[in-house]
Amino acid sequence: MAWAMDNAILETILQRVRPLIGQGKVAAYIPALASVEGSKLGIAICTVDGQHYQAGDAHERFSIQSISKVLSLVVTMRHYPEEEIWQRVGKDPSGSPFNSLVQLEMEQGIPRNPFINAGALVVCDMLQGRLSAPRQRMLEVVRALCGVSDITYDATVARSEFEHSARNAAIAWLMKSFGNFHHDVPTVLQNYFHYCALKMSCMELARTFVFLANQGEAFHLDEPVVTPMQARQINALMATSGMYQNAGEFAWRVGLPAKSGVGGGIVAIVPHEMAIAVWSPELDPAGNSLAGIAALEQLTQTLGRSVY
């Protein structure tokens with residue numbers, strides 16, 4: 001690789017963006033996330049050949065939230081033919097809030113993409129139809145991808161989200177009214193909230209997602225995770241729809257496929273080179289990590305990396 005990386009570079013980047021802490025807000029609409037310390041800040045890199053770099057709170061676990069939507073899509077791709085998936089969910093950016101009902105009704109219950117709430121719920125509905133134990137299967141997949149056996153769900157976060165699930169339930173019932181949701185709504189919601197409540201660190205996320213930087217293969221696994229074409233498709237979806245309605249702004253500033261979550265995490269992919277994970281719980285108005293985006297911007301400028 002034509003770049004030099006060490007932990008000191010990442011430490012310097014965190015020092016540059018740390019003054020942003022205090023300018024965002026943690027996700028208060030999920031009570032279990034509202035108590036997270038906003039000053040946390042971490043970054044980690046895993047390269048396609050297995051090198052690891054980290055700085056800050058890179059080994060502290062947090063709720064990955066919507067980052068899990070990429071993982072549920074990966075599992076679905078393993079169990080369904082391509083045409084069946086994309087009949088039920090689209091591939092286009094929404095341009096609307098991630099939990100919007102208005103657009104969903106106008107488009108007759110077909111979500112714009114699998115990374116907004118409606119699309120992720122359809123994906124979870126599909127998994128319910130093919131897996132006897134969807135939550136356990138997700139844990140098995142994530143533990144294998146990461147190479148860490150004790151990754152689990154945060155039961156408190158999952159319960160908190162289920163207790164405040166009116167809007168997501170409305171999304172699911174609306175899709176059911178259009179014939180695009182086939183299983184018991186509360187059961188699928190429980191699976192969805194558990195996926196969001198996966199607890200992982202920046203380093204664990206970087207290892208987990210490195211297969212997307214290497215045409216679907218991970219250095220520590222014997223079998224491909226997805227095909228090269230599927231890896232390209234997932235990266236494309238992340239580039240267009242992974243940062244809620246701010247995908248364009250993120251492409252302008254950072255220039256990498258990425259997926260964020262309201263827990264403050266972001267995973268970004270440099271194709272053929274590395275996966276990057278950042279964490280800072282304070283969010284911008286779109287629900288993306290404020291300092292996390294700034295750290296990724298600093299990193300891509302330092303490395304001279306962009307897919308554009």
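Backbone N, Cα and C define each Cβ position, glycine as well.
Taken from Swiss-Prot, the feature substrate binding site applies to SER66, ASN117, GLU161, ASN168, TYR192, TYR244, VAL262.
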Practice problem: Indicate whether VAL262 (substrate binding site) is helix, strand or coil by DSSP. | Solution: coil
Quiz item: Just counting, how many other CB atoms are there within 10 A of the CB of TYR192 (substrate binding site)?
Solution: 28
Self-check item: All-chain count of other Cβ atoms within 10 Å of VAL262 (substrate binding site)
Solution: 24
